[in-house]
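My questions all concern the structure below.
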Amino acid sequence: MDDLTFPPGFLWGVSTSAFQIEGATGEDGRGPSTWDTFAPGQADVACDHYHRWPEDVALLTGLGVGAYRFSFAWPRIQPTGSGAPNPRGLAFYDRLLDALCEAGIAPVATLYHWDTPQPLEDAGGWLDRDIAYRFAEYASVLGEHFADRVRMWIPLNEPMVTTVYGYAIGEYAPGRTLLLDALPTAHHQHLAHGLATQALRAAGASNIGTANHHCPVWPRSNDQADLDAARHLDALLNRTFSDPVLLGSYPPEITPHLPAGHAGDLEIIAQPLDFYGVNYYEPQGAAAPGDGNPLPFELRPIEGFPRTTNDSAIVPGALYDLLVGLRDRYGEKLPPVHITENGASFDGIHDTERIDFLEAHVRSAHSAITAGVEVRGYFVWSLLDNFEWSKGYAPRFGLVHVDYETLRRTPKDSFAWYRKLVRS
Ligand code: GCO
């Protein structure tokens, strides 16, 4: 990759999330989350990061990254989702952040990566507007305690995935199958994002952005019916989650499904952002719906590309299209971009496929920079093999292999490759 030059100050990092790596789900006063309910016991140990974090910080140091994106577990900080913070929960992240700062690694904090405190879900979860106000209180707690050390803040990870996988099709916690009736959860997450951004700033935190999942939608053909279906799916997966925060509006395709009175919240939702975080994995195909389909589109697999062990199509060029597309759609309203997640699952320690995947995607991002998109950072998903949600531990996304019997960490070939890239 010696032929590529990145802008000065370009941030190279890696990402993880609390539920996927921490384990220790019953320790130090942590309360149950929706994922403990949805996948009982499955992440009780995970990578045991809760106890092995010093080793993991040493891995980050060895990797030489400038930044580490992690998430706070809401049920560690507020075991029931509201009220006074749990001191032992705060203390865990104090230890982690102090060690990162000492190692010269910028902490990039996600406030919510899907582990909703179960009592809040019992009260309606993201279907209930009240959760946005609970989230803002949680954000103030974190802002007041950690603003001195966290370098970049991301209120919610991938609200699209919570709405679609969590509430529309039930593949993720809390496992609801509401189809388009899930859309109020998008609005309440946006409101939570806006209120949390205000609360963080009021607590002295700066550098606040997003981590939105973007999934370029490819129509099956150029027939009008397929193009219309793709436009609908693109509204649902992408614009429903980027337009409100960047433009203060919703795409017309989805407004009939939003809560009454939602427009009054858009000013809070469209807080100015310091960066726009993009998570990219693969495009999604779409076609006109068949008879009896209650949705205005049908999902189609992307064909003709190699695939990861998690059955994702490998399409590096779509990252370029996505970045340039965001710039073209939002223009001046698009803040500087960070690629807050990109990665792939492959097996083995000698993971040439992962190196090829990452190299091709970094090149694609670089082409977008050359085309004038202000991309300021790139974060690999993930540091460690970890709990891949409904797929369990089979897909391996790490630069570091985890033996789930012994919890031993072994850097893969991709770790050495990334270290070299970061250093150069
Ligand atoms: C995400 C997810 C990660 C997944 C990763 C791989 O933010 O999409 O945060 O939790 O592990 O995407 O599927």
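Glycine is no exception: its Cβ is also placed from the backbone N, Cα and C atoms.
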Pick from Tyr250, Tyr281: which one does TrEMBL list with Gln20, His113, Asn157, Trp381, Glu388, Trp389 for the same substrate site?
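My reading of TrEMBL gives Tyr281 as the candidate in that site.
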Tell me the coarse DSSP state (helix, strand, coil) of Tyr281 (substrate binding site).
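Tyr281 (substrate binding site) sits in coil per DSSP, no helix or strand.
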Sorted by position, what residues of the same chain at least six away from Trp389 (substrate binding site) have a C-beta under 8 A from it?
Gln20, Trp35, Ala39, Tyr172
Using the CB centroid of Gln20, His113, Asn157, Tyr281, Trp381, Glu388, Trp389 as the substrate site centre, which other residues of the same chain sit with their CB within 8 A?
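Along the chain, the qualifying residues are Ser17, Glu341, Ser382, Asn386, Phe397.
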Do me a favour and check the Cα-Cα span between Glu158 (active site, proton donor) and Trp381 (substrate binding site); whole Å is fine.
14
